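Here the structure comes first, spelled out in structure tokens, and everything after it is commentary.
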Amino acid sequence: MYADVILPLPLSGLFTYAIPAEMQHKIGRGFRVTVPFGRRKYYTAIVTKIHRQSPENFTVKEIQSLLDSTPVVTEQQLELWEWISFYYLSAQGDVFKAALPSPMMPADLQPGFIPKSETHLRINPTLDDIAISASIGKARKQQLLLDEIMWFLTETGRESISKREVKELTGYSPAVLNGLLRKEILHLFSVGRSRLHPKTAPTRTPYPLSEEQQKALDTIQSSFSDKQTVLLHGATSSGKTEIYIHLIHQLLTEGKQILYLLPEIALTTQLTQRLQAVFGDKIGIYHSGIDDQERTEIWQKMLSETPYEIILGVRSSLFLPFRRLGLVIVDEEHETSYKQQEPSPRYHARDTAIMLAHMSGAKTLLGSATPAIESYYNAQTGKYGLVTLNKRFGNIEAPLVSLQNTKDLRRRKKMKNLLAPVLMDEINKALENGEQAILFRNRRGFAPMVECKSCAWTPKCNHCDVTLTYHKKANSLICHYCNTSYPLPSGCPSCHEGELKSLGTGTERLEEEVAQLFPDAVVARMDSDTTRGKDSFERIINDFQENRIQILVGTQMISKGLDFGNVRVVGIVATDSMLNYPDFRSHERGFQLITQAAGRAGRRDKQGVVIIQTVDPQQPIYRFIIRNDYESFYQSQITERKLFKYPPFTRLISITLKHKDERKVESGAAFICQQLRQSLGNRVLGPNKPIISRIQQQHIREVLLKIDHHFSPSQVRELIKTAESRLKGNGDLKQILLYYNVDWV
Ligand SMILES: Nc1ncnc2c1ncn2[C@@H]1O[C@H](COP(=O)(O)OP(=O)(O)OP(=O)(O)O)[C@@H](O)[C@H]1O
Ligand SMILES: [Zn+2]
């Protein structure tokens, strides 16, 4: 008998191995095996098929060992993997690697799962009291410690005490304990211990819903009777999360599991607190910030008889084994961080979640104050149900948004620093009232650019076509594409005359300046530079929540989903580069980002104030934002999308080609275009030289396919795969790396 397996390698197709006789009755689909492959000794692979067809043309190797006695990947998961690999044009091995926590796939160079253990002590059962006291003799300190241990065991009713616990006893000293061990009065042994969080009990029941919330919940439930997916379009702070909580509560009574997806780890902290208050330890948290070994235990728990009933996590959590999935909630469904960009599989977690729900007979609820144009279109055309919630919870008015023309203010010498006078005033007022402010800037680091004052030389990355960002605290120049860091030169290395000056503002400079402007306030920054540490999100969020920080400066990380009660002012410092970025989605993103950031203000008691600083206040998008008019904004966008054949009217597939040799990558891209044009004609755009055309020494070209609904995903897949194999058959071009990004965002 033979087994087809998926290897954790970026290779297309399955690999066949012979099953040793003694394994034949124990193996099946979804089991892990170790197999020899290539030069490395062994890999962990997943069995997808058992059959009797002996492979031709090569000698089959044998499976080395079987790791499981029951499948660790369910039938449904394997189906989902197949769909991802098919739809997103990614190798099955890439999907496998993305899905399983790495300790579940031990290999030569990769350790496996290590159960967590703890050292315990127990009293030697072969000794009676007389033997013990004879052995202790006159060692008074040993007797005292032993008495304390015995007292502990009686009190707790346990057989053993952990080493950690012994250290807390008053009579403890290492010498005394060693004495008891040497005399074999005490024995050491090791006990397995779960990494999962211990029991936490709920502290409250769900809040009663307002009338509007209840109506929205009822409509969601009735929509589910004929739609598999429903979009909840609810204003910021309208209380969507509380609606989710009621819905979850309902599903739990039906014995169903719920997957609650968030776009970013930064959002899990607050949501964990909110959900745990109601659901206690029914919730498992799953994201890349959680240690791999613990993730393995969560996976095992999901396979057990007592799985988590609720999983809260980011995109990778849709790979967990669910058995009774009833509902997937995709919160902030518009977020582009739901799309995995690197590495393959480049899947969209929202769309994959809808597929997962479909395969499980579950429902999907998408929620956002600023839905993705595609999702709103699906709701408009009846593919999804649509439920709208316009009002903020507690009937608080939507924040008052106003624009400040910084170009004009500068000309009139009114900009004394990075903040417009009106914004300064509002922050001062808020601080006087004991309220808080959030300042948003979509650029991290101190200054996005450094320039020589005399010759205008600017430092660039050696590996990428990118100007370097100055980071002051690290005192270095950093490439935001490959992360290489360079020391800051003391003078211009080009003309040797000029001094270097830094241009522009990142969050680090904004934080520094704001701290000087408001010396009595505590100012903190939240961006990817300040949130590297394990608990750093939690610390900043808790400090802000509890008013230990008055002004929070940050990137898009602070712009959405967070719920702070005391924020009066939100300042959006420079939005122009974002809106002028040459991409058909730049206005959609701008609208979402600004509306979401604005939504952090005035969430309790009274209306908030939002000030947007721009050099171009005439941009029509601001009118939609100020009037909080998603509907008209959507209309303007969908008209453009239709006219220029963008999603949802087409599917975009981007093909990226990379090679060290620019000439080669150029001819490779031309070759691919020419191949695809034979059947796809003018649906093929390119090749294009991207704005950043070299990253990590690799030259890059891009081809974009705009596929209308004449072509099915499988037809397009076929055409692309044919073009790829022709390119790989061309001796000169076969080294070119090809990457596909389906539903490119
Ligand atoms: N029924 C309710 N009873 C008491 N408090 C509520 C209720 N509904 C919402 N709230 C409170 O109102 C605030 C806003 O609600 P929530 O965070 O759920 O809004 P949201 O719609 O998810 O907002 P966003 O899209 O901005 O994340 C929260 O502090 C929440 O606890
Ligand atoms: Zn670089």
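One-based numbering along the chain as shown.
Every residue gets a Cβ built from N, Cα and C, even glycine.
Per TrEMBL, these features apply:
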- 221-389: domain 'Helicase ATP-binding' (DOMAIN)
- Cys452, Cys455, Cys492, Cys495: Zn(2+) 1 binding site (BINDING)
- Cys461, Cys464, Cys479, Cys482: Zn(2+) 2 binding site (BINDING)
- 465-644: domain 'Helicase C-terminal' (DOMAIN)
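The sparsest Cβ neighbourhood within 10 Å, among the listed binding-site residues (Cys452, Cys479, Cys492, Cys495), is found at Cys495.
Listed in sequence order, Cys461, His463, Cys464, Ile695, Gln696 are the same-chain residues six or more apart from Cys482 (Zn(2+) 2 binding site) with CB atoms under 8 A from its CB. Taking the centroid of the Cβ atoms of Cys452, Cys455, Cys492, Cys495 as the Zn(2+) 1 site, the other same-chain residues with Cβ within 8 Å of it are Lys453, Ser454, Ala456, Trp457, Pro493, Ser494, His496, Glu497, Gly498. Taking every protein chain shown into account, Cys455, Cys461 are the binding-site residues, and of these the Cβ with the most other Cβ atoms within 10 Å belongs to Cys461. Apart from Cys461, Cys464, Cys479, Cys482, the Zn(2+) 2 site neighbourhood in this chain, defined by C-beta within 8 angstroms of the site C-beta centre, holds Asn462, His463, Val466, Leu468, His480, Tyr481, Asn483, Thr484, Ile695, Gln696. In the structure as shown, the Cβ atom of Cys464 (Zn(2+) 2 binding site) sits within 10 Å of 21 other Cβ atoms.
You'll find the Cα of Cys492 (Zn(2+) 1 binding site) roughly 18 Å from the Cα of Cys479 (Zn(2+) 2 binding site). Close to ligand 2, meaning a Cβ under 6 Å from one of its atoms, are these of the binding-site residues Cys452, Cys461, Cys464, Cys479, Cys482, Cys492: Cys461, Cys464, Cys479, Cys482.
A Cα-Cα distance of 22 Å separates Cys455 (Zn(2+) 1 binding site) from Cys479 (Zn(2+) 2 binding site). The separation of Cys495 (Zn(2+) 1 binding site) from Cys479 (Zn(2+) 2 binding site), Cα to Cα, is 23 Å. For the domain 'Helicase C-terminal' (465-644), the model's pLDDT averages out at 89.
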